[in-house]
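First the structure, in the form of structure tokens, and then the observations on it.
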């Protein structure tokens, strides 16, 4: 074996011996506890009575009474999943020099020779009804005229330097940990997949350890953040107790500027904006702010309509872009229902579960003639972080889950202030709730992501320690929110 592999082998051996030691320690502790219980019984009863009763027992009785429960308890302690905690998180803070008001965005589009006046009018109407404000940001390359000429690979890497590294730097500063303390790295970025990979860029920047377990998720769409959280949780189960996982969620939009006139492909470039988030997970509760309760993933990609509803392709002129199907909201609603069915038994109180189960049985028995019962998730969660994919997405989820305007306020305000930041939007929403001072110890949070595939993914959290201030992406603007968002914004 090469000398380069020796350090890795030594770490793996150390991890193995650690798990073995922990498992043995638990077994020895439980065995000693059982022995102590037997010893206590001998002191509580006369000696002749105890000895007489023990003589009456057969070996099989002693085995069933003592060894079997101890063995079962030991196996349970060794095999049960460890709890996973969110130590802290950080979102990229947009800068004013990256701000793109609607008028500026449209002016840039007019400088693209291929884009027609008809397409500009369409984008104008779209932006007026989008729910986006005047402070959303695009990466530096999109500020040149014409923008598509400067959306190069180097510019995309520059966006990573600006967005991702800024968020990770802030996370390290908030948590006080060193890059050497990171054991696991999970990154999700749907459309930008360079070589070397996204995780290699982060490893190189922060000089992370050579034995770090790293995963790069691409093409997973706007719902990828709960996927990354679930993957990090699973990897932490295999690492020594107290290991740390760095999770990065972003979308690098620099190389994805669509230069064409197909309306279904113009919509994404009007809604997507620059953003990213970094989160630190651990199996140690020390300094943790949230506890991860559940991650539930549902995928409807087996259906052709769901698979094609968010599709990267070329238009008739060979221009690459993201095509959004007219059936998107219907498909999103179906994916949400599937996710609700999966997560409801895990989070709902017994009364809501009973109503949901009876309605489900009735629909099956009567061939769907009974109206489906939508559980009241307000009984399970105090806060909702719904992916800010667009006004229509938020409206659909608010209607489907019977939520109040206040409960979807975070999603609407994130869309207004930051735009659609893809998978990181749920973190901006969590930051909004905390910046407004609404989070309390014990509060439960439901993150809901919708994305290509088509997927609906959820992450449920329980707050252990709320943020003490609004020091985050909302630090300079939280005092101005919430704002009124008209149905049609006239510029």
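Cβ atoms are placed via backbone N, Cα and C, with glycine included.
Because TrEMBL annotations are produced automatically, they should be read as predictions rather than curated entries.
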_Per TrEMBL, the range holding transmembrane segment, considering 21-40, 81-100_ = 21-40
*May I ask you to indicate which of 60-79, 120-139 is given in TrEMBL as transmembrane segment?*
60-79
_For the domain 'Beta-ketoacyl-[acyl-carrier-protein] synthase III C-terminal' (382-462), the number of residues DSSP places in helix, strand and coil_ = 35 helix, 21 strand, 25 coil
_Mean of pLDDT values spanning the domain 'FAE' (76-364)_ = 94
